[in-house]
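What follows is a structure written as structure tokens; I'll ask about it next.
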Amino acid sequence: MNPLVLSILISSLGLGTTITFIGSHWLLIWMGLEINTMAIIPLMIQQQHPRAVEATTKYFLTQATASALLLFAGTTNAWMTGQWDVTEMMNPVSATLITIALALKIGLAPMHFWLPEVLQGLNLITGLILSTWQKLAPFAILFQLNHLLNPHLLTLFGILSIILGGWGGLNQTQLRKILAYSSIAHLGWMIVILHYAPNLTLLNLTLYIFMTTSMFLLFNTFNTTKINSIASSTTKSPLLTIITLTTLLSMSGLPPLTGFMPKWLILQELTKQNLTIPATIMALATLLSLFFYLRLCYTTTLTLSPNPINHTSSWRTKLKQPNLILTLTTSISILLLPLTPSMLTLMS
């Protein structure tokens, strides 16, 4: 892609998210979301491949539906209350419609069906943008509305996302689909606690972005998109293989890694709110996600690629791309648990 066009698209992505961040008027927020959507579509379709075209079409239709529903909810609220301000969401019907629209935008269950299919049709770097940056603008709206949204609906969406995100990833062989279902499960944890402790949602979102960035960059470094081709990664770079193992275990939420921190704090907060049954269901449903993370760990580190392999082997050469971002994200994804008290102080 032309560097000038690429810089314009990246700037538009930043502009759309920034407009949504600073906006308090529903039309301004809607405009920011639309700029965000339109900016990523050329990045998605740049491969000129049928799968990329299909993924782009699905993404556009889904986001257009969510944007239309969001605009309808904002208009309905303005008609009922006479206010276009985002914090004046006094109409319960509009609040419910906005929750559904934003759930569709970020890929929460049961509106999650588009996310694995879209992510499967993209390259790893564009999939990284879709899985991380594109979640910021909808979450900015959710943070502003957290005290006005129905907590029971948010809890239902969250628990469904954790269960279906773990269930859907069990039999997958494509790494991008596994990361998509992992994203759905992580979003469920964020949404459940949003009404009760928005600071924990922000903490979880931040750590999710770092861990997901690490995984996409690692798979991009190995140049692999399938679970059977990642078995040869040990021979390419033993150190990166160990980093991949620890990052996967961190994403699954095992101590003493960073990923354990948000799950621990969220379950603690839910227990304080006397929501022990949802907390128990969430903790048990996480075992589904743990299974496919451990499956990936086993394939990556404990299996050797057989001699008659069906894919092209790559030489173990020096990496061409800079490793600074990968080093930073993997360090945060693995080593942050001892800093939990400091993180809580910063988030409070």
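The chain as shown is numbered from 1 upward.
Any Cβ shown, glycine's included, is placed from N, Cα and C.
What TrEMBL records for 25-288 is domain 'NADH:quinone oxidoreductase/Mrp antiporter transmembrane'. For 57-80, 92-115, 151-171, 178-196, 202-219, 239-257, 277-296, 324-344, the entry in TrEMBL reads transmembrane segment. Among the features that TrEMBL reports, domain 'NADH dehydrogenase subunit 2 C-terminal' is placed at 290-344.
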Would the transmembrane segment (151-171) count as touching the transmembrane segment (277-296), if touching means at least three Cβ pairs under 8 Å and pairs must be 6 or more apart in sequence?
yes
Between 0 and 100, where does the mean pLDDT of the domain 'NADH dehydrogenase subunit 2 C-terminal' (290-344) sit?
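A mean pLDDT of 76 is what the model gives the domain 'NADH dehydrogenase subunit 2 C-terminal' (290-344).
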What stretch of 92-115, 178-196, 277-296, 324-344 shows the most Cβ pairs under 8 Å to the transmembrane segment (239-257)?
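Comparing 92-115, 178-196, 277-296, 324-344 against the transmembrane segment (239-257), the winner is 324-344.
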Which one, 92-115, 178-196, 324-344, has the most C-beta pairs under 8 Å toward the transmembrane segment (277-296)?
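It is 178-196 that shares the most Cβ pairs under 8 Å with the transmembrane segment (277-296).
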